[in-house]
Amino acid sequence: IVETQEHYKSRWRSIWIMYLTMFLSSVGFSIVIMSVWPYLQKIDPTADASFLGWIIASYSIGQMVASPLFGLWSNYRPRREPLVVSTAISVAANCLYAYVHVPHSHNKYYMLTARALVGFGAGNVAVVRSYIAGATSLMERTSAMANTSACQAVGFILGPVFQTCFTLIGEEGLTWKLIHLQLNMYTAPVLFGALLGVINIILIFAIFREHRVDDMGRQCKSINSEEENDALDQNTEGNVDHVAVVALNVLFFVILFVFAVFETIATPLTMDMYSWTRKEAVFYNGIILSVIGIESVIVFMVVKTLSKKTGERAILHGGLLIVLVGFFILLPWGKKLPNIQWQEIKNNSIPRTVPTEMLMPFWSLQEVQLLSNHTAEPVGCPITQSWCLDTPVVYLAQYLSSDVLIGLGYPVCNVMSYTLYSKILGPKPQGVYMGWLTASGSGARILGPVFVSQIYTHLGPRWAFSLICGVVVVSLLLLEIVYKRLIAFSVRYGRMQE
């Protein structure tokens with residue numbers, strides 16, 4: 001059936017609503033990513049860096065559980081249902097996050113629950129990707145997936161920007177005692193995120209409609225339509241290449257794993273290496289992540305054109321190489337050691353048998369004087385991390401260079417993975433498959449923060465980043481093995497030429 005003009009306009013309006021939903025999902029994650037650690041320290045002093053890893057990972061645990069469920073739901077029912085339910089869960093979870101300071105104890109576990117529920121709501125990413133895959137032709141697919149990832153990247157840009165703007169409110173902010181609400185630099189961003197979620201739900205009801213086209217762009221009935229539809233067209237006949245599907249799931253896991261490591265380690269690394277305070281770390285890393293997000297959007301726009309000349313597979317290969325170089329640069333070199341934090345001495349947590357002259361080379365005169373100042377915030381690398389005494393500092397130039405390279409390689413890998421995956425699956429309903437791909441990425445976001453918080457805390461940045469480089473090298477080898485199998489469903493069965 002030739003697509004009508006009315007169908008075309010309605011189809012792209014619905015796709016734009018999906019772009020917005022993707023944007024809001026990424027904002028829900030990034031709007032607090034730089035402030036989770038200082039907020040956690042403020043509401044619950046018993047929480048340590050290891051627990052931070054679980055807080056960050058809880059978002060992805062929720063998303064990993066929800067993605068296949070929402071994907072399955074979207075294969076058989078109108079997609080509006082899982083979209084509205086998931087967004088409503090995210091709104092409620094953001095409101096819970098704003099109140100985690102209220103309980104008298106176990107505050108860190110309330111924060112853990114709130115972030116897990118926000119992640120559960122973000123499981124709608126599988127619904128969004130599957131809808132866009134089914135509502136675009138093969139020629140439109142790369143551009144649409146790039147736009148989807150660009151919206152996700154813009155969410156990652158504006159999330160830290162919002163957070164940075166809200167730092168102007170300060171740590172104390174305003175308190176509405178009647179409802180026990182504290183409006184400060186930690187809670188204002190999530191309340192703003194909840195407001196955006198409500199707007200998204202309204203737009204889904206008002207504008208979103210079910211649409212489907214085949215790989216050639218011809219109008220088809222959607223299996224998710226509320227109208228009865230007994231069978232799909234004959235172009236769905238044929239088996240999916242499950243070797244290629246599994247390989248892309250593994251590659252996507254690695255891509256999300258290394259980026260999750262990068263996101264999680266940014267604040268603790270800069271606080272340890274450059275003696276930044278909590279507020280400085282949130283502010284400066286917010287700016288850095290915002291710049292990386294802008295870089296990513298530019299990359300998404302470029303790869304849409306570049307992929308037509310070189311193909312998605314070659315670009316994915318190049319993106320992985322750039323990420324490898326980015327983490328290699330981040331390895332500590334030189335002889336300069338980081339400043340050692342003085343707070344442990346003040347609290348008498350270091351044994352008295354440690355001679356003061358052993359610690360003096362790591363202190364400035366000002367830091368020694370601060371020992372008597374009980375109101376100052378401790379800065380520097382804590383001596384409880386034994387590697388601080390012998391691991392060279394990661395220079396700021398190294399850190400910024402790595403940021404630029406990872407900010408270039410990650411978006412390339414991300415959009416090419418989704419594009420290749422959707423093309424390999426073909427015209428069949430992709431909800432469950434997209435759910436598994438999203439779940440594999442969520443699994444990476446679970447293991448990444450936990451991995452880096454444990455390895456970094458106990459062994460230091462040299463071990464952490466060396467292991468990441470090894471993982472990327474293995475993924476490059478896997479890509480070489482399956483390279484020839486990563487072709488579109490219609491191309492594989494001779495219905496279209498590559």
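Glycine too: its Cβ is placed from the backbone N, Cα and C atoms.
According to TrEMBL, the feature domain 'Major facilitator superfamily (MFS) profile' maps to 14-487. The transmembrane segment annotation in TrEMBL covers 16-39, 51-71, 83-100, 112-132, 153-170, 190-208, 243-262, 282-303, 315-334, 404-421, 433-457, 463-483.
Listed stretches 16-39, 51-71, 83-100, 190-208, 282-303 were compared with the transmembrane segment (404-421); the greatest number of C-beta pairs under 8 angstroms is found for 282-303. Within the same chain, the transmembrane segment (51-71) stays apart from the transmembrane segment (315-334): fewer than three Cβ pairs sit under 8 Å, each pair at least 6 residues apart. If one looks beyond the transmembrane segment (315-334) by at least 6 residues along the same chain, the residues whose Cβ comes under 8 Å of a Cβ in the stretch are 251, 255, 258, 303, 306-307, 391-395, 398-399, 401-406, 408-413, 416-417, 420, 460-462, 465-466, 468-469, 472-473, 475-476, 479, 483. The stretches the transmembrane segment (190-208) and the transmembrane segment (282-303) are not in mutual contact, being linked by fewer than three Cβ pairs under 8 Å (pairs 6 or more apart in sequence). The transmembrane segment (433-457) is in contact with the transmembrane segment (112-132), judged by 3+ CB-CB distances under 8 Å for residue pairs 6 or more apart in sequence. Confidence for the domain 'Major facilitator superfamily (MFS) profile' (14-487), expressed as mean pLDDT, is 79.
Taking residue pairs at least 6 apart in sequence, the transmembrane segment (153-170) and the transmembrane segment (112-132) share fewer than three C-beta contacts under 8 angstroms.
Residues 21, 24-25, 28, 32, 43, 66, 70, 107, 110-111, 113-118, 120-124, 127-128, 180-182, 187, 190-191, 193-194, 197-198, 200-201, 204-205, 208 of the same chain lie 6 or more positions beyond the ends of the transmembrane segment (83-100) yet place their CB under 8 Å from a CB of it.
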